[in-house]
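Features reported for this protein in TrEMBL:
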- 503-513: compositional bias 'Acidic residues' (COMPBIAS)
- 26-258: domain 'Nmd3 N-terminal' (DOMAIN)
- 261-307: domain '60S ribosomal export protein NMD3 SH3' (DOMAIN)
- 325-415: domain '60S ribosomal export protein NMD3 OB-fold' (DOMAIN)
- 503-525: region 'Disordered' (REGION)
- 1-21: signal peptide (SIGNAL)
Amino acid sequence: MMPGSAAPAGGAGMFIPAATAGTVLCCMCGVAMQPNPANMCARCLRARVDITEGVPRHAAVVYCPDCSSYLQPPRSWLRATPESPELMQILLRRINRPLARLRVSLSGAEFVFSEPHSKRLRLKLRLRREVLHGVVLEQTHPVEFVVHDRLCDSCSRAQANPDQWVAVVQLRQHVPHRRTFLYLEQLLLKHGQASLAIRVAAAPGGLDFFFGSRSHAARLVDFLTTVAPIQTQTAKQLVSHDTKSSVYNYKYTFSVEICPICREDLIALSPQASRDMGGLGPLVLCVKVTNAIALLDPLTLRVHHLEEKKYRVYNFKAALTSKQLVEYIVLDIEQESPEISVDGSRYQLAYAQVARVSDFGKNDTIFTVRTHLGHLLNPGDHALGYDLYGANLNDDDMDTAMTRYSLPEVVLVKKCYEKRPRTRRWKLKRLPVEEDAGNKAKGEEERRLDEYEAFLKDLEQDPDLRFNINLYKNEDYRSEMASTVGDDVPTVPIEELIEDLTLGDDEDVEGDEAVAGNTQSVMAE
């Protein structure tokens, strides 16, 4: 076969000529090109037709520096971070009307780097339009937005008078500790529910959230309804009234009371409550609190979920709380049944011989108890539990249960691990809470630090508890700090940690150079 000749069709003995694309000469410059309805090359089309004519190159956008939101005319304010999809949507709305009038379609848009202090936002648009007998032409078009700073209405009122709030959410729980608020604080931070609050203030028994709008306060109350068993009451007070325009200004108060039952509380059910729950108890442990209370019978491993409305019918209190836990040492343990899973948690019934740590060297008092922690405890381990043998109880339901039933002398709650150093490889973010230093009792600060440390230990020991919150990497942590921690002490896996984004001066400079280099390369292309 001669070089350059066409290949024969498979076995047919025929030659098919190679298909070649036809070309024509541009009617303006004479360059060979593929034919199109205009008979003009792309360079000549761009030189004679400008599809960006009439599309604005400059526009303005109003920005509130206090709440990082942008004005969406006429009166809406939308929160957006730099170079985010939300900000892109706000900017494109400013030029959508000229594009629709000129019948120009938008095929793409991207941010072009600008100095943060320049008060400029730059976009590079890719516009497409049909020109000259059905030929579609695409062209880039830069648009520069000038950022004008102006406070939004809510921030303006807050600046004029920080106490000029419209709605307040008073969150309360009548318990002797703040463990519930420490957990709710992390949920609020993760879901951004407290970001619209003008300020957050500490109050006896809880927190106060002040908002510039009633809808923002109602949004927080709706969120709390989904994560905790709460009871809500609302009230409003007339502030001013314009008789000519019939405009009324109110201040709204949302009183939110959280159920006083917390995790690890020991509860003695009344005979009526025990019958309604199918013979549960009478001694039960609270193992989980969401919008319902999960009650566990440690002797039978039965779990009952009690909703807030049903709880208000019985309205029982905790006979013993986590503040009254006593440390025990396990002398011997014998498993009674295989390990089972109940509501995602692992339990195993077992008989354990335990003794109070405080009794070592003083007496030989030993308790044989039935526990649900058979899968965790081994001889020599320490555990925390409630001492019903020596406790001074002031609970009518507990007294009734003691007279009717043979109650255990000890109820073990959880395994106790050795103490660990204060510095961890992870950390939590906190809400900016305003506190009145003059009203703090003596030793209040030390007590809160101990409660926070106990909350961190609970997060390490319970994966279900930390599933709904964000844990961040601690940059100050060093690996040699973990040398004093035992092997059996639970820790948070590094896969569950989130990078805490903190940019320094050097990182800003390197980032600016990288973005500038990328922008120049895109413009060169």
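Backbone N, Cα and C define each Cβ position, glycine as well.
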Worksheet item: Per DSSP, what is the residue count of the domain '60S ribosomal export protein NMD3 OB-fold' (325-415) in each of helix, strand and coil?
Response: 12 helix, 42 strand, 37 coil
Worksheet item: Over the domain '60S ribosomal export protein NMD3 OB-fold' (325-415), what is the model's average pLDDT?
Response: 88
Response to the item:
Secondary structure of the domain '60S ribosomal export protein NMD3 SH3' (261-307) by DSSP, residue by residue, totals 6 helix, 22 strand, 19 coil
